[in-house]
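Chemist: I am attaching a structure below and will ask some questions about it afterwards.
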């Protein structure tokens, strides 16, 4: 390997080669002389830690993709199933759906994103940066399970180029690339990113047929002032429909704690975002309590939703733990982190309630 | 024999690329963002601006020696307002639907910085023929960006060009749509124009690094 590396040193493709080399092997060069700071927590280590925190979420989401698919079919057939973790959740059938639906999203996200990163590194002549390792894992987890792969690919190209590379690459971006990708998808292909079908595999292609199934999320039902049939424990453990990886609050919580203990993510942002969302939720609950809006209001369903439940449905918890704590686009000072986090929680819940287009 | 002397030709050529009103001087951005969702609107807007700027430059240039400099802005405004009203009325008479699409933006040609900028910077100090060429050049430079942005936004956003479907029928699922392709709703909304203009600026400056500002 080392000979190949020397051979290509200074050549055009050197950054691409170096990226693979340092990813797969420990480089055998040492520097001579001078003073060094020896720290193991370089960018690559940081990124890998976040990915480790995401792996449980990804695995869960693969089973959940299948579970929601079969559960929706059962419900449509008039035999709603009761959850039994070992009997009908942790099954090969569920995993199979996860493998055909979720894994391709991961592969496309990484494949396309890394190709863009490599092209820019080669053109600009700098080393390939590790920033995309986390973005590439976040992206498949925040899209609906039935997102067409080509849409994801287009959005990844857009997000990485416009969200990051035009500003100078990892560390210079003013936008979180994963969020840029998600926002692009939402505005570009709204029919695939919201509504009552895309959240459960199969609901789109079966729509209108005799075997139609529902793909409605909890927030979607609430926005229509409909009843929610999921229990609090379902919401917390994540046996609910939603974007691929955001359903299990428990696993997100574990991932979050892991990130806090490994000192990768800021607990201040997480805590203040939680407080912010609770405060906004309480305000809405209070509005209902005081009778300022009636049951006929289109906001009634979401406003009367108990304030703490906002944390266990939808992507709020996922966003707080994995997106808000992005060290590049987040705030630096401690006071800034408190304000930043608080506003994230506060505004997220406000938009969640008032945005009519919200899934 | 060349139709124009080299100096005169540059009046038309420069604003097309290296001194483009939108991508280099960054003027007239509002209308470039607002009306470029359709190619037809972009073309009509470009032609309207060409009419106003070409003729306005000539009028101002002819009057340049008798306008008291204290009230020159007001005189310029009257000239441009008169021309814009002509354009507006013509559009309303002969292309009513289109004038509704363009809505307030035809009237807002009055406030288009390119026009006042050319009056001030060129027509007040040059003869009518050269002012005319300058007006045509700058409005062409403006129009070409509008058309490029309009082309991409309409093609990707609606799958049509000048209102004619070119990618197949999105509802019947013919042509490209049968492969699962869908229109990109993001291109319809104004922020997309900002990004397309940004990409044009990026492409132009990486082709000619001399245009990149020092900072």
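Using N, Cα and C of the backbone, Cβ positions are placed for all residues, glycine too.
Below are the features listed in TrEMBL for this protein:
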{"type": "TRANSMEM", "residues": "B:43-62", "note": "transmembrane segment"}
{"type": "TRANSMEM", "residues": "B:74-95", "note": "transmembrane segment"}
{"type": "TRANSMEM", "residues": "B:101-119", "note": "transmembrane segment"}
{"type": "TRANSMEM", "residues": "B:140-164", "note": "transmembrane segment"}
{"type": "TRANSMEM", "residues": "B:184-203", "note": "transmembrane segment"}
Chemist: Would you kindly list the residues that approach the transmembrane segment (B:74-95) from elsewhere in its chain, counting only those six or more residues past its ends and only Cβ-Cβ distances under 8 Å?
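Modeler: Answer is 44, 48, 51-52, 55-56, 59-60, 63, 67, 102, 106-107, 109-110, 115-116, 119-120.
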Chemist: Who are the long-range neighbours of the transmembrane segment (B:43-62) in its own chain, taking Cβ under 8 Å and residues 6 or more past its ends?
Modeler: 28, 31, 35, 75-76, 79-80, 83-84, 87, 91, 95, 98, 102, 105-106, 109, 112, 114-115, 118-119, 122-124, 126-128, 130-132, 134-136, 138-140, 142-144, 146-147, 150
Chemist: State the non-local partners of the transmembrane segment (B:140-164) in its own chain: residues 6+ outside its ends, Cβ under 8 Å from one of its Cβ atoms.
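Modeler: Contacts of the transmembrane segment (B:140-164) (Cβ under 8 Å, skipping residues fewer than 6 from its ends): 12, 15-17, 19-23, 28, 31-32, 35-43, 45-47, 49-50, 114, 170, 176-177, 183-188, 192-193, 196-197, 200.
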